[in-house]
């Protein structure tokens with residue numbers, strides 16, 4: 001077992017130990033924080049597929065996070081108001097069932113990633129960053145000016161959606177559900193990184209000419225990676241909306257894209273547990289330093305500066321040393 | 001089969017007023033090493049790019065395996081079996097030597113869109129990659145990160161990755177560059193045996209290697225082929241001596 005695996009296991013243990021302690025000590029707020037960490041980490045795991053493996057610096061992942069959120073908000077608001085979403089040509093009703101909402105969130109954000117990817121992956125570098133940012137902002141302003149679903153005020157969902165066999169109103173059970181999703185996606189993402197697709201995708205990041213010379217066109221690889229990445233972040237958006245029981249256009253804003261990117265960079269780009277460590281560090285800083293000063297983001301900025309200047313591998317990279325790619 | 005594997009017909013390419021390729025016609029026949037020599041700036045790299053697919057000629061066609069491939073991109077030509085090595089090593093530097101070779105084998109076999117299984121445990125790919133590394137003598141370095149290889153070892157890895165493609169023709173852009181006398185000699189010996197597997201279009205500055213290896217030599221000066229012939233013919237050609245060899249061959 002190499003050092004990174006041990007650190008990953010320690011993070012996973014910590015992630016489980018803290019809420020267990022919180023349940024024992026009856027600290028429901030800590031449980032909510034842990035849930036938030038898991039969901040934001042999931043969004044980061046999604047971005048990490050595009051950014052870490054593929055080298056695609058997407059500054060528009062809030063688009064998928066928001067689409068996931070609104071998938072939940074729209075379906076659940078129709079269900080809670082007993083109004084069908086569509087009556088003709090076929091009757092479509094809202095739903096309060098998480099599995100259905102997740103499926104819709106994943107499909108919708110994957111489709112959006114496909115469209116955005118087809119257009120923006122023709123560019124690279126700064127242009128790619130700007131185009132993805134532009135798509136994110138387009139959706140942001142669209143959400144603001146769409147009165148049917150709350151416009152600027154967003155949508156409130158009174159009761160958290162249900163999952164078969166679980167009482168999602170119990171914070172501990174909802175947390176367990178979010179952890180389960182996170183760990184399943186982490187497992188799949190670790191397989192992806194080692195797969196034929198992962199080898200080629202990361203190869204395209206390192207040297208495009210090399211990929212073409214062995215007969216692989218990078219564009220399709222990147223498009224598929226972008227779609228998978230967007231779908232995972234979309235799933236996180238649906239969970240985030242359920243955590244807050246509230247959706248608003250801020251989920252689409254570029255601040256959100258930036259935050260997701262910060263999780264990945266803080267924790268370690270292309271590291272399996274990078275986004276998990278990053279999201280945890282971010283939330284801990286937000287609450288410890290946020291209690292001291294409302295300008296806590298100054299400290300976040302300094303930390304980020306430190307990571308970018310002196311610890312390019314992020315938290316995981318600093319602790320685990322160089323990435324081991326061979327096994 | 002005596003049909004040439006690779007043919008260019010009257011290729012022209014200009015960059016503004018600069019004519020980098022002027023009516024270049026050459027061919028590569030089965031079993032031969034065809035060397036392309038010429039002074040710096042003669043347009044060798046531009047020609048290689050047009051043959052490999054990175055650059056479209058303004059006029060003229062490129063034929064590979066009897067098919068017009070002028071409109072195909074680099075990846076499509078590579079899949080047909082055109083294996084290129086670069087003047088400046090183009091490898092995935094973060095990957096191990098083995099991973100680079102497996103990437104080549106993956107490109108040759110196809111099946112990039114597999115998301116679950118560990119690609120390094122794919123026996124077909126791995127044995128193809130290991131066989132190629134073994135042939136160039138890099139087996140001991142399989143676990144080394146490519147960025148840590150010496151310059152010469154990177155050149156060998158380029159050749160190994162080209163081998164994994166099971167190519168129908170090699171396109172080698174200065175494989176000897178920076179190898180040193182020993183390495184150059186070893187690679188010369190290796191390429192000598194390789195021509196029976198697939199013909200090589202070789203761009204090379206190392207004249208000892210060129211004259212030792214080439215069945216035919218074409219001389220490119222100012223975007224134009226001024227002579228094509230055997231090593232002896234090229235040595236004797238007065239135009240070539242004047243334009244090129246005179247300065248370099250003492």
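The backbone N, Cα and C atoms fix where each Cβ goes, glycine too.
If you look up TrEMBL, you'll see A:7-24, A:30-50, A:62-80, A:100-119, A:126-149, A:169-188, A:219-240, A:260-284, A:296-320 marked as transmembrane segment.
When the stretches A:7-24, A:30-50, A:126-149, A:219-240, A:260-284 are ranked by Cβ pairs under 8 Å to the transmembrane segment (A:62-80), first place goes to A:219-240.
Counted over residue pairs 6 or more apart, the CB atoms of the transmembrane segment (A:219-240) and the transmembrane segment (A:100-119) come under 8 Å in at least three pairs, which marks the two as touching. Put simply, of A:7-24, A:169-188, A:296-320, the stretch with the most CB pairs closer than 8 A to the transmembrane segment (A:260-284) is A:296-320. For the transmembrane segment (A:169-188), the partner stretch with the most Cβ pairs below 8 Å, chosen from A:30-50, A:100-119, A:126-149, is A:30-50. Outside the transmembrane segment (A:126-149), and at least 6 residues removed from its termini, the chain residues within Cβ reach (under 8 Å) are 56-63, 66-67, 70, 73-74, 77, 116, 119-120, 155, 248-249, 252-254, 257.
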